[in-house]
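There's a structure below that I have some questions on.
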Amino acid sequence: MFLPKCVATVRPGSCIIRRMSQRHFNLPPACFDTDYLLNPANRQAIEANIQHRKGIGDIQLVQRINEQLRAAPQSESERGMLQAQLDTELAKLPNRTHPAVVGYGTEPRIIERYNEHAKRTDRKYFQFGDICKRMNLYRMENLGNFTGHRSYYLTDELAELEHALICYAVDSLRQRNFQLVTVPDVLPGRIIESCGMSVHGERNQVYKLHGRDGREPLCLSGTSEMALAGYLAGRVLPADRLPQKLMAVSRCYRAETSALQEEKGIYRVHQFTKVEMFAVCQPGQSATVLEEFRAIEVQLFDQLGLHFLLLDMPPCELGAPAYRKYDIEAWMPGRAMYGEISSCSDCTDYQARRLGIRVRTGQEETFAHTVNGTACAIPRMLIALLENFQNKDYTITVPEVLRRYMGGKQLLRRRKVLPELKLTKRLVQEDTF
């Protein structure tokens with residue numbers, strides 16, 4: 001597995017820009033918590049956790065392979081094959097689960113409801129796609145869009161609103177000492193897998209790039225969390241400089257699709273822009289950092305005036321890396337439903353063990369913890385804003401905190417379309433004398 005080696009660093013303001021050479025270095029091998037995972041006394045607890053967490057992983061197979069390795073001596077090639085098989089199966093096991101959420105069953109717990117007075121139910125509200133078509137602000141079909149029905153064009157004031165949301169999120173995070181990083185969209189497959197997303201099999205969310213002549217595949221990144229984690233791979237970080245908080249604005253690529261009526265339009269798309277938060281910290285800090293990320297997300301959406309729910313998610317809704325995860329679901333009156341607009345997760349040492357991110361305290365080293373969260377995922381934020389702040393005259397009220405990024409605009413208005421010009425014949429009667 002290869003990552004580019006940095007040969008120069010320039011720091012304009014708070015943004016890190018790195019120029020990459022063609023030289024590469026090897027990613028450290030994953031270092032799983034074998035003291036816990038290979039201990040037969042923990043098998044029952046690990047099996048229970050797997051069943052709570054979507055049933056992916058086989059601890060019995062893991063421990064059986066380990067027993068074979070510890071048994072009678074094998075040839076070097078046989079031992080290598082067994083070790084590779086063991087590493088593959090260990091990588092499939094999910095992170096442990098926070099004990100507070102184990103008893104939730106399959107339903108999330110509502111921690112708090114925000115801006116309930118702003119829940120729009122007093123009249124008919126149009127869905128995002130209908131609003132935009134009436135206002136001539138976006139297209140998803142028949143305009144040179146060659147990548148399928150899950151991609152889109154934003155135009156005019158809707159495109160301005162997208163950039164306003166990005167600037168609003170970035171400025172808010174900068175005030176909280178996040179460092180802005182520009183990240184690559186193309187990543188080695190192992191970086192993506194180390195962050196907890198599979199790149200193998202027919203049914204996954206990852207786009208692969210072909211033509212690598214048998215080398216490890218390159219993939220399109222599903223979130224900048226992966227690139228930010230890869231940015232720190234193989235590093236040993238001084239404990240007194242943690243937590244280190246990073247943010248990135250990037251395009252995210254997802255191969256997933258949905259046929260659900262409530263997820264039509266830009267709710268679930270193949271490509272979108274997102275402002276991501278990422279932190280690396282000491283093991284004792286990740287729970288506190290997760291609460292900080294949660295508070296940031298709540299403040300961002302509260303200041304926009306949205307009605308939303310803060311949810312503590314059950315084990316079955318946690319991705320493999322997450323120890324605990326909060327979701328935020330905003331009310332979308334055009335759809336008459338709550339839709340997820342954000343989440344944040346404490347991944348403890350799951351990603352750090354796979355990427356070799358360590359913390360040094362004095363002479364001792366341990367694996368770091370990582371935390372990630374979504375400050376702004378553009379498509380669903382646009383849905384929430386347009387469906388909640390639409391007016392009867394087909395205008396959209398711009399939230400006050402976004403107006404400074406849109407030249408002071410208070411309303412989005414219907415885009416006037418010039419009438420289509422048609423050639424017509426005109427009969428002219430000649431004058432006669």
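Glycine is no exception: its Cβ is also placed from the backbone N, Cα and C atoms.
Straight out of TrEMBL:
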type    : residues                                                                               : note
BINDING : Thr223, Arg254, Glu276, Asn372                                                         : L-serine binding site
BINDING : Arg254, Ala255, Glu256, Val269, His270, Gln271, Phe272, Glu340, Ile341, Ser342, Ser343 : ATP binding site
DOMAIN  : 173-399                                                                                : domain 'Aminoacyl-transfer RNA synthetases class-II family profile'
SITE    : Thr374                                                                                 : site 'Important for serine binding'
For the L-serine site given as Thr223, Arg254, Glu276, Asn372, which other residues of the same chain have their Cβ within 8 Å of the site's Cβ centre?
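These residues sit around the L-serine site: Ser221, Gly222, Ser224, Glu225, Met226, Cys252, Lys274, Thr374.
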Please identify, among the recorded positions His270, Ile341, Thr374, the one with the smallest Cα-Cα distance to Glu276 (L-serine binding site).
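Looking at Cα distances from Glu276 (L-serine binding site), the smallest one goes to Thr374.
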Hey, what's the widest CA-to-CA gap across Thr223, Arg254, Glu276, Asn372, the L-serine contacts in the record, in Å?
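Between the most distant Cα atoms of the L-serine site, 18 Å.
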Find the one among the recorded positions Thr223, Asn372, Thr374 whose C-alpha lies closest to that of Glu256 (ATP binding site).
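Checked the recorded positions Thr223, Asn372, Thr374; minimum Cα distance to Glu256 (ATP binding site) goes to Thr223.
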Of the recorded positions Thr223, Arg254, Asn372, Thr374, which one sits closest to Ser343 (ATP binding site) when you measure Cα to Cα?
Thr374
Just report the maximum Cα pair distance in Å for the recorded ATP binders Arg254, Ala255, Glu256, Val269, His270, Gln271, Phe272, Glu340, Ile341, Ser342, Ser343, no decimals.
20
Using C-alpha atoms only, work out the spacing between His270 (ATP binding site) and Thr223 (L-serine binding site) and round it to an integer in Å.
12
Can you tell me the CA-to-CA distance separating Ile341 (ATP binding site) and Thr223 (L-serine binding site), as a whole number of Å?
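If we compare the Cα positions of Ile341 (ATP binding site) and Thr223 (L-serine binding site), the gap is 14 Å.
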Please average pLDDT over the domain 'Aminoacyl-transfer RNA synthetases class-II family profile' (173-399) for the predicted structure.
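Mean model confidence (pLDDT) across the domain 'Aminoacyl-transfer RNA synthetases class-II family profile' (173-399) is 93.
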Using only C-alpha positions, which one of Thr223, Arg254, Phe272 is spatially nearest Thr374 (site 'Important for serine binding')? These are the binding-site residues in the record.
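It is Thr223, whose Cα lies nearest.
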Tell me the Cβ neighbour count for Thr223 (L-serine binding site), meaning other Cβ atoms within 10 Å of its Cβ, over all protein chains shown.
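Excluding its own Cβ, the number within 10 Å is 23.
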